[in-house]
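All remarks here apply to the structure that follows.
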C-alpha cells in the first residue's frame, strides 16, 4: 500500500471516530436529561399538589385515557359503513396515546371487520400494501367499495316515505335526522318533509297553533305536543270507569301501585288494563270530590251516569231513556242513515247522514271537515253544547260552523244547509231536530224509505214538485260497546296501515357465525304479477312497511294464487332460513289443551288486521329481509311472511 493511500485511510478513520465520539456524547446528554426528568416526576408525585401550571400539565399527561367502547363489527352493510368509520374515528380521538399512529388505527379497524370487508383487508396485509400506513388512504380505498354511491338519492327517497306512524315522535326524529344529513336539502325542504311525515294528530295541532318556520323549532314543538298527548292518554287511563261487579262474584283484591314504582313493560298484544271494582281509597276519593262512582267524572252522580248500563226494572217495565247528542256518540240503539251528496264551490262528495231526533242541531265532524277542506267560519256567539247528563262538551263550546253547503238527497230534493262543527268521529254528518221540523219527512219503516211530502219541501226543495222516496238503512250507532270506547283506536282500520313503534318483542334474525349472506335470483313474472308487485311495493312504501335497501342480501319474490282469484306475494326466504339460528322452546301438548277446555262452552278468537305488520323487525336486522325485483331493492321494516322464527 502506498503512503498516500495509508494517510487517506487514517484520515477517514479519524473522522469516523470523531463522529462516533460525538454520538456517544449526545447519547449521554440525552440519558442525563431523561434521568433528570424522571427524578422531577418522582418528586412531583411525592409532594402535595402544587398550584403551579407545570405540575398540573404533568398530571394531565399522566391521566389515564377514557375507556372507549369498540364499534359494532362491520360486515359489509352499506347502510352502516358511515357509522362504522365515524365510530372508529371517535374511538381514536378518545384514546390518542393508544392509537397514536396511522398504522395502529388501520389495523384496529381491520380487527373490527368481518365477512367480505375482512377478507379484503387481510389481502392488503398479505401484500404489505402502502394503504396500511395511512388512515386517510385506507378510508379513501374503502369508500368506492362499501359507501353508497347513490347516497343522496337513496336518502331523498327514504325521507319522502318516512312516516311517524304510531311510534313516539322522538323515534321518528332520530330516524329523520340520520337520513336528513345525506339529502342535501336546505332547512325549508327538511322542515316540509318532517311535517309531512308526522302523525295526523300532530299535524292537526300544528295547523291549529301555527307551523314553526325552522326545522329545529318544529322538532321542539312536536316533542312538546307529543309529550302532552301521551300525558293525556295516561290521565284518561287513570280516570277510566270501572266495570260493575256481579253480586254473585267475590270481590277481588285490588293492588295499588306506588307513585314511585316503575310500571312493568306492556305484554305483547296488550290493549288495555283490566278494570275491576273500586278500591276503598278510590271510592273515598270520589265521594270526597263529588265524582261519579261509576265513571269518575264530575257533574253527575252514580244514578245519573250516562254510560252506566241500565239496571233491570221491576215487573219488566221499561223506563224511557233521554235522547241527546250523546246518543250519537255512544248509544248502541239503531240509527237511520240516508245517502246524501254535498256540493260546494267546484267540489262534490258522497257521504252518509244520520237522522237523529235527539240532536239539538245539525252537526259536522271536525276531522271530516278538515280532511275535505270544507269552508268554515266563526260563529257570532260560541254555543255551549249540553250532554244528556247536563255536562258540557269536553272540547268546549262550539265556535265554528260551515258556510251554507248544497245538500242533495236523491235526485230531486236539494237545499242549502249549514252545520255546527263538533268532534263526532262515529257519525260525521248529523241531521238533527231542526232539520226534521223544517222538512217533516214521511218515514216508512217497513219498506225502509223516506219521502218529503211537506209543503215546505214541495215548494222550496223539490225539483219538479214531485215526491221522491229515498231508501235508507239502519245500523247500530256504534258497533263498539261503550265500555270499550277508550280503546276505539284499536278497532279502527287505519291503525293497521301505520308503522308500529319498536318494542321489546320485535322480530329478530340471528345468523349462524361465518355463514355466507344469501343472494337470490329475480323471478320471471307475468304481466298481472308485475302489476301486482308494483302496487304492492308502492303501497308498502306509502305505509312505511318497506324501504329502499342497499343490503348485500337479497331474496327473490314471486306470487301464488289465492282462492278468490287474487295474488299473494311470497318472498323466497329459504336460503335466509337455512342460516338463521332457530328458536327452541317447548310447545304445549295438544291432548292436554283439549282436556283443559273440554267443559268450556264459549270460545273467543281475535282476528287482527295485518297481524304480521303490527310487529317491527328488530332495529338493525331489516337488511336481512331484503328482496330483489325488477322495480328495485327493498327491505322490510315490519315482520314479513316466510321467516322461520316468525310466530
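Quick reminder: no glycine exception, Cβ is built from N, Cα and C everywhere.
From a predicted model like this one, the values you see are computed outputs, not experimental measurements.
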Exercise. Among 32-54, 55-77, find the range that TrEMBL records as region 'Disordered'.
Key: 32-54
Quiz item: Can you say which of 234-282, 283-331, 332-380 is given as region 'Disordered' in TrEMBL?
Solution: 234-282
Quiz item: What is the number of residues in the domain 'Reverse transcriptase' (541-647) that are helix, strand and coil, as DSSP sees it?
Solution: 23 helix, 28 strand, 56 coil
Quiz prompt | Taken over the domain 'Reverse transcriptase' (541-647), the model's mean pLDDT | solution = 89
